[in-house]
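Pulled from Swiss-Prot:
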type	residues	note
BINDING	GLY152, GLY153, ALA154, GLY155, VAL156, GLY157, LYS158, THR159	ATP binding site
Amino acid sequence: MKGIISQVMGPVVDVDFKDYLPKINEAIEVKYDVEGIQKRLVLEVAAHLGDNKVRTIAMDMSDGLRRGLEAEALGAPISVPVGKKVLGRIFNVTGDLIDEGEPEDFETRWSIHRDPPSFEDQSTKSEIFETGIKVVDLLAPYAKGGKVGLFGGAGVGKTVIIMELIHNVAFKHNGYSVFAGVGERTREGNDLYNEMKESGVLDKVALTYGQMNEPPGARNRIALTGLTMAEYFRDELGLDVLMFIDNIFRFSQSGSEMSALLGRIPSAVGYQPTLASEMGKLQERITSTKKGSITSVQAVYVPADDLTDPAPATVFAHLDATTVLNRSIAEKGIYPAVDPLNSTSRMLDPQIVGEEHYKIARGVQAVLQKYKDLQDIIAILGMDELSEEDKLVVERARKIEKYLSQPFFVAEVFTGSPGKYISLEDTIAGFKGILEGKYDDLPENAFYMVGSIDEVLAKAEKMKA
């Protein structure tokens, strides 16, 4: 059905139809030329203004758009390519390839607006998703089909952890990943693509980008584009998929811009009144079903470090685990720079992970906490003033700190050390030995940047020689 553009206000476009009213979320296509260049713009219906007038949000820049242009309602929401052919490619919000690679014919396309799995389809089992990263698996394990918040400032290693997870899912779980770049820097998107190419994980991941310079419609809907691709892998191929959203805050931010442009009355701190329901709609689709699972890792930017800001606060309600990266740990040269005392997980429960895992994780945290409490005394009076018992705690804590570091596969290029994947059993056994004092006689440095405890012993032997 054809309509006519009647008003253009930046990313908001009004379209008049004759004897037809497109549904909410239906896609409308406009083809026009600007200075001889053919352009195609996709609009999405956001509001009905009358019996045959709709207000839409543009999915790309509306430069050159003018009143009186013809617009065609496509009769369905935006649909994007799905299936194995999307791996190794970069897409925009409407499912067009933007990596300047070979054009591709995609047989299957799915709508980006989908219902979450029904109660009957959802899996209720609490299972751990093994990542092969010691600090994560031991202290803040991820739930299969769960949601993880990744917190950290600039340059502490968020991207490296994301790439390592993609690598481990690809090579150890034989699974696929989807990365949605939501309102982040174009340079970061480019770097990520090139780094993935270099580290050999690109053909196991689909990338969808809606960057900072794009209109709010594209930045908001790009999360749904990526999620739709992940849902296909889960529902049709029965796989366990990893879904990365960087950054989930920008999803709320772009929703707030759209809401203001559509003339809705703002809510707390200027956010959209529908913030919680929009977030819920997205997060409810990320879950385990009886066929497969989508486990998501979402980078969370906290504006002005205010955790009570409505955007991050709304995200917290959905998270099963948090992985907090700490600059002071990165400064010690310990990577991944995960904060062992501030990272949390609802999976760290004796009924889920078992009594032994729980005890050792809590034991490790207790030793690290005691060390933290003693640091002021050490700084003022020195180690010699501590009791023998406290000295032992400090020695073990330093070994634990070092042993929480590990060489990554994707960082081989700049560390020169081969990457390590450590199974949960080996991780538990290693830390159990440290807590029980089995390795009290080994030098601290033997624990730094190694995989399993056997490597610590081998390294200690080498150091003796």
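Using the three backbone atoms N, Cα and C, a Cβ is placed for every residue, glycine included.
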Neighbour-count leader, CB within 10 A, binding-site residues: GLY152, GLY157: GLY152
Sequence-distant neighbours of LYS158 (ATP binding site) in its chain (C-beta under 8 A, six or more apart): LEU150, GLY152, ASP246, ALA299, LEU325
Reduced DSSP assignment, GLY152 (ATP binding site): coil
Among ALA154, VAL156, the most crowded of the binding-site residues [Cβ within 10 Å]: VAL156
THR159 (ATP binding site): tally of other CB atoms within 10 A of its CB: 18
Local Cβ density at GLY153 (ATP binding site) - other Cβ atoms counted within 10 Å: 13
Nonlocal neighbours by CB distance (under 8 Å) for GLY155 (ATP binding site), same chain, sequence gap 6 or more: ALA330
For the ATP site built from GLY152, GLY153, ALA154, GLY155, VAL156, GLY157, LYS158, THR159, further residues of that chain with CB within 8 A of the site's CB center: LEU325, ALA330, ALA337
Coarse DSSP state, helix versus strand versus coil, of GLY157 (ATP binding site): coil
